[in-house]
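Peer 1: For C106, C111, C147, C151, the entry in TrEMBL reads [2Fe-2S] cluster binding site.
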Amino acid sequence: MSTATSDNVIKLAELLGQSGSAKTPFVLSETEKHEIEHELTHFPDGRAASIEALKIVQKHRGWVPDEALEPIAQMIGISAAELEGVATFYSLIFRKPVGRHVIKVCDSITCFAVGYEDIRVALEKQLGIAYGQTTADGRFTLLPICCIGACDKAPAMMIDDDLHHDLTPQNLASVLEAYK
């Protein structure tokens, strides 16, 4: 009986997940592929479609796992490293699982000047989480976001794609209640 070489151990480790079971290669769904192909028709260079392609996968899966980068990159004709650069730069691409509803609290200078800190503290207290965390029931993820363009109605936040403005610590509970 021969002993395993370090090369064999490394190759085996690459094939196994942390659980010790074989990894299944990441496969884009037919719907995701179709939608990405459609987006590619709008851009002269696949690189320009990178954010849209990432958003498509996120729309269907809730987030963009690391394993998705290679097949997406192949479809749009760029390297996985280039796509990862886009995914990590763009703050609205989620690289880890998030709650059913994502709360993005505007922390721009305007919101900061008119009550952002009170809103942040009230949200953290009501939800029992801090920025970057998800509630135990998986209902909400709380994130800061740079200006959302509602400076005239500050302080503001978005839950999913819905804008909420003129916020006060007192009206947050009713806003959150609408998101079951």
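The count begins at 1 with the first shown residue.
Cβ coordinates come from backbone N, Cα and C, glycine included.
Fair warning: this is a prediction, and the values are worked out from it, not measured in the lab.
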Peer 1: Tell me, if you would, which residue among C106, C111, C147, C151 (binding-site residues) has the fewest other CB atoms within 10 Å in the structure shown?
Peer 2: C147
Peer 1: On the three-state reduction of DSSP, what should I expect for C106 ([2Fe-2S] cluster binding site)?
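Peer 2: Where C106 ([2Fe-2S] cluster binding site) sits, the three-state DSSP reduction gives strand.
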